[in-house]
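As annotated by TrEMBL, transmembrane segment applies to 12-30, 50-72, 84-108, 332-350, 433-453, 474-501, 521-544, 556-574. Look at TrEMBL and you will find 15-579 tagged as domain 'Major facilitator superfamily (MFS) profile'.
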């Protein structure tokens, strides 16, 4: 063993850094499908309800596996268990790239959830063994920062990788399966030509009608008429203007004798250069690549077809499959390989205790042990402490706080891209940048929260360790309410950023609280409270999708605000000065 006596070695920082990487990869894999959700739905023929179930499958499995995985890491040690967890969830993430439909995706996401459940409980346990007590909050915030950094870079990294995997040479003409809803496509064109407007999507659709042959125009009128008849029937039944519903066209006669010639004509138009004007390219919310192509004085045939395909997708977002949808599967393979590499690095670097590490000298060991309120255990907990946990008022309040906090926060990593797409028509790359910005502010919240919880503890004692949780929850509730009045996408993004900052301000105090009260059972206790948090995360996408579909976006934001307010009230009663072993909070 290395034993330089001049100063403590810094192996603890290396351990923290590798744990940081584990947390980063964990969140990269956790939210990867969120930022390809439109492409994934189109490719697999899924609707938002099915996608919400897949999101929930992860969280339910994650929640149910929290307690056993926390106990498992306490029982068998962090080195073997955490390396195994990372390899497992990385393999399942890679397999998502091979999924063929709803059931397969549902099961794979559940498998990722089970595999990731042990990540944070194991990380909390190793932080306690490798970090001086006075720095525990900052160490916890650093690892939590790794997770939030992974969440924040996932939208941007995923967007650039998806686009990179669909190079210019990819055929831009429409294959048979690229007509997602040809009847709705025809209805939109027929409606636009019947009531032309001077600019925007309707003007482009009306001009497109004029480019078709008489047979193509007749097909558009026939298909559009039968879709219109279905809409009128729905309006009579519901008494309200119906929203777009892909199920309306599913029982129609396919009419291949009409659709195939229409598709052939449309493919010819993609390279003709007569469909769009220069003003159209300015008015439409085009992807960045399309803007670059539109700026060219001269374009090759592949460039012309690519530009017109991207513009066609913008005008008819529900009817035409996105060309970038071909890039989401390779991204899953790449992410899986990255996770396996991080697992190998962790195995090589980590040891269970400072005394067992060949690079950690005695001074560093003494520094880590200094000020610990409880001695580092030399034996593992042999049984899960059910009775102590069930009798703890503190842990029930923390579980409530986690449940409702996650119910509100998960909106940012589930339906925020959908909101930006549907309400503000933000192009893919820009949409992912905007979805990333709030999570970047979450980084600041994590770091400020780590300092704040340590400062409050040192100045006022452990009783006030969790005061930052109360503050953060109520700030997030207020920010959610402000989203109801967002006049533009930038105001909305700022409000979402405040939600992320406020929520993540709570996390270091939450981690440190469980280490303060957990004693020998810190992994199991973190697993217990996180289990309830992930029940909230499981409910969030399904509940919020139902509210979005039935009532719209403002009631969705009110639901998020109410969830954070309940979490804040629960946090008021939490007392970090009472260890679970004492039983004084029963």
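Note: Cβ is positioned from N, Cα and C throughout, glycine not excepted.
For the transmembrane segment (521-544), the neighbouring stretch richest in Cβ pairs under 8 Å, chosen from 12-30, 332-350, 556-574, is 556-574. Spatially, the transmembrane segment (84-108) is not adjacent to the transmembrane segment (433-453); fewer than three Cβ-Cβ distances between them are under 8 Å for residues at least 6 apart in sequence.
Non-local neighbours of the transmembrane segment (12-30) in the same chain are 58, 82, 86, 89-90, 93, 112, 116, 119-120, 123, 126-127, 130-131, 139, 142-151, 153-154, 157, 335-336, 338-339, 342-343, 345-346, 349-350, 354, 359-360, 364, 368; each lies 6+ residues outside the stretch with a CB under 8 Å from one of its CB atoms. Within the chain carrying the transmembrane segment (556-574), a Cβ under 8 angstroms from the stretch's Cβ atoms is held by residues 393-394, 397-398, 400-405, 407-408, 411, 415, 466, 469-470, 473-474, 476-478, 480-481, 483-484, 499, 502-503, 506, 513, 536, 543-544, 547-548, all 6 or more beyond its ends. When pLDDT is averaged over the domain 'Major facilitator superfamily (MFS) profile' (15-579), the result is 86.
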